[in-house]
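What Swiss-Prot records for 156-168 is compositional bias 'Polar residues'. The region 'Disordered' annotation in Swiss-Prot covers 156-175. Residues or ranges marked as transmembrane segment in Swiss-Prot: 249-269. Annotation source Swiss-Prot lists zinc finger at 1-43, 53-101.
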Amino acid sequence: MGLCKCPKRQVTTQFCFEHRVNVCENCMVVNHTKCTVQSYIQWLKDSDFDSSCPLCGSPLDNEDCVRLICYHVFHWKCLNAKQQSLPANTAPGGHTCPTCSDPIFPPVNLVSPVADVLRTRLGQVNWARNVLELPLLSEDKPDYYTTATTSAGVHNGNTFASSMSQTRSNERPESPHSIVNMESYVSNASPALDFHASSRRPLLARESPIGASDRDDNKYKRRTPQEIFSRWSRRLYAPSSKPPWRRTWFLVLGGCIGFVCIIYVLATLGRRGGDGEVGLIYNRNLPHEE
């Protein structure tokens, strides 16, 4: 179990074999759409992976892919063709993953980003709509995501171009040979620039937290005793936001405990040495045989 590095910082047990990082389901549908993702325990047992489609054998990056709820990835075209070859009266349990034989259709009560994307993709083909008891489409839409992405890009490009043209039309027309006194302009603008620059400065300089360099990248690295000692020493003597009297009382208490331990050790050693010397003294009052 680990922590995903996305802004949501969710705890997850899934691990990306290609990038070797913990990933949550939000990252699977956004940043790791074609990566091999399984549990971290599975990666510890066998870290080898194949970045090709199990159905056709070609690389996953060549075509559009889909991830099932078991996290196995296939080419959408290959998976669609395989499921279309099944009889029309196939039960929902008959549509299974070609790798692990888990059901393709996510349960109704399953709420996850991977399941939502899979439901959207399955709702665009007739064989899945037939199983889900939905009205059939006139024709399947295998290139829905590609078309939607392209149209969105064209729309954004047109919007950006129109906004740029409107901005340019609102600009003041300049003469071809205008002269600007840069010295006076800089001198007049420098107070405002200094004010804005100073406003961005933090009131209190915040230092990096202790152990900031020791993050998720090397949290599984085996540390030497020297590194452990240096880390705890920096934690003790580094400036912190806690009240100073806590640090003082901590040092005083630690010194008292150390002094008591030293006295106890010296007393124990002295008692042992004294017992040995007393045993060598000859007592004349005791009866003894001549």
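A Cβ is built for glycine as well, from the same backbone N, Cα and C atoms used for every other residue.
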(request) Could you break down the residues of the zinc finger (1-43) into DSSP helix, strand and coil, giving a count for each? (result) 10 helix, 12 strand, 21 coil
(message) Please list the DSSP helix, strand and coil residue counts for the zinc finger (53-101).
(response) 15 helix, 8 strand, 26 coil
(message) Considering every residue in the zinc finger (53-101), what is the mean pLDDT value?
(response) 90
